[in-house]
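Quick notes on the structure that follows.
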């Protein structure tokens, strides 16, 4: 044994002793062994504010010290949501009931009472127990696989609240101002696609984040949902640019959003149950530093909100400085243009505390201030008047701050959260237009004030809250000129261009002919990511997003948009079309495809998803005859529910595939294969260390071995196939080798 190995062994022995590094609070909070869940300043602050009902403060603090329950949400817009829910209830939840791990009883998962249709569930399992326990390994692999497929999202319960309060409809134009990492954005996309029979809803989601790297987390979340109605952009939310669009009458107009989610950066003291380091770092200074930024972001949001629209403001902080103080400032600035909506009946079953109308401010040294008049001059740069409640009691009463909602952790075993719903009744009062003539006049010649005419929100593109400003130089005044637009700074990675194809692009005729696309197929919504050379992939966006992109290429930095619908396959050229269908875009394309479709049964799908290159003869007679009549190339494998077979999937399924010379195969990514096999009642469970298939996999292998043929068309186990082993893809060229078991042609 080498010296390093001996040292590692000795260190492991030391860490295994009581008090060692691995001895961590019953397996909770891995990595935070040295953090004590105590913060005297935090306790003193919230006890003094009185946000927690009398007699409940000890329960509140006890809940804050407990680990946060694991929560999952089943994506509601997927047609497979009911199948996933059925699988969870009748298989996985039953298997983990009454399980004990390290002396801790695992309770059966329960639905969130306030989330519609039982699509969100929580359990007392921590992430570490979920990952490390052999008894829960199947459930964990199920969660990971379905999450990658976009059918399940692991999301904190309180984080699900803001999108539900926005009351999204498919035609709404939505802005998510501070979107990363994207769990709320995913909810918004789902709500847009509530009707899966409509491939292109009229609405869209523009998801923004200031951090370039976090934007790619956002892209990952959004891509799982395969929507043509999402665009990810990278801007500072406090000065996110005003966008222009072509209106129905052919004129240029300003884009106003029907719904805005304003989930601002915050101190995060409501997340102490999962972010343990907040205990150590929390101080009142955090809220004081963020208050100004939160107001600027919220102001920019209401400026871009359409009259009649709703903006939901939320934080994962319990501090009134970040919550009610920001809302009060917005309402005061709006002079009646905004009002707080009463959302008390929107989520029956949710327990919440009404917003407060009185609060105090405390410095990190423990000094309290009740109003602005008490703040010493030397603190005026850190403490601002907007941090205190309005002093006018009548104005304060008219604000109806009690309509704000504060969720306390001990009421329903959640994190802490704050949310408020604002409705815009009129344009914001600070939007005014001066005459557009640029003049330089002497101050003495200004006998009367300049005339003002109301300016619709957004007709100015400056970032100042006060609208156009006078620029005074000595005794002259520069009139009627808006602040100059700053040139947009681009940070982060340089993105490939987004190039829309014209209707007469030469790429379309062979595609239209091969797939017999319907005449209403929107060719102008197809884009690619290169100006020159062969087009590798074709993407689609909705008509409304195309409008936004074409009119604002210089105003905004787009990170990602569109869903991939076709990929180039050089082998396909000899069959009449160089582009094969992409699985992620099949639900967008399917309504327009009128040929190259094979209707398959449950048994056909099992064969296609568990065998490498099954011969056509392995399909059932109906599918076999359809395939024989079809030429080689990309195909759609279509399953429709059989009412006479209640045990089969009760939702439609469309899969991309390839019809070879004598064989056929499905082009489906690995995790989606797992998903479909589970829907068909086939358990696919991989060994964690890769030491061979489990019993369930062996059963699947035995099931499909019966289909082996004499001429050597050997079946491949689900494990090999789903890992992408033994694919025989050596002949593929360039971008055809993309992994995931999807982009492969058969011979």
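The backbone N, Cα and C atoms fix where each Cβ goes, and this holds for glycine too.
Summarising the annotation, TrEMBL assigns active site, nucleophile to 316. Positions annotated as S-adenosyl-L-methionine binding site by TrEMBL: 178, 179, 180, 181, 182, 183, 184, 209, 236, 263. Sequence annotations record features per position, and here TrEMBL assigns compositional bias 'Basic residues' to 1-11. The compositional bias 'Basic and acidic residues' annotation in TrEMBL covers 688-740. Residues or ranges marked as domain 'SAM-dependent MTase RsmB/NOP-type' by TrEMBL: 60-425. Per TrEMBL, region 'Disordered' is recorded for 1-28, 445-466, 688-747.
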Binding residues 178, 179, 180, 181, 182, 183, 184, 209, 236, 263 (S-adenosyl-L-methionine) - maximum C-alpha distance in whole Å:
20
Who sits close to residue 184 (S-adenosyl-L-methionine binding site): which same-chain residues at least 6 apart have their Cβ under 8 Å from its Cβ?
159, 160, 162, 163, 176, 261, 263
Counting only residues 6+ away in sequence within the same chain, which have a CB under 8 Å from the CB of residue 236 (S-adenosyl-L-methionine binding site)?
210
What are the sequence-distant neighbours of residue 178 (S-adenosyl-L-methionine binding site), meaning same chain, six or more residues apart, C-beta distance under 8 angstroms?
208, 209, 210, 237, 262, 263, 264, 265, 297
Starting from the Cβ of residue 182 (S-adenosyl-L-methionine binding site), draw a 10 Å sphere and report how many other Cβ atoms land inside it.
28
For residue 180 (S-adenosyl-L-methionine binding site), which residues in the same chain are close in space, meaning a Cβ under 8 Å from its Cβ, but six or more apart along the sequence?
209, 211, 214, 215, 217, 218
Please report the distance from the Cα of the residue listed as 'active site, nucleophile' to the Cα of residue 182 (S-adenosyl-L-methionine binding site), rounded to the nearest angstrom.
15
Averaged over the domain 'SAM-dependent MTase RsmB/NOP-type' (60-425), what pLDDT does the predicted model reach?
91
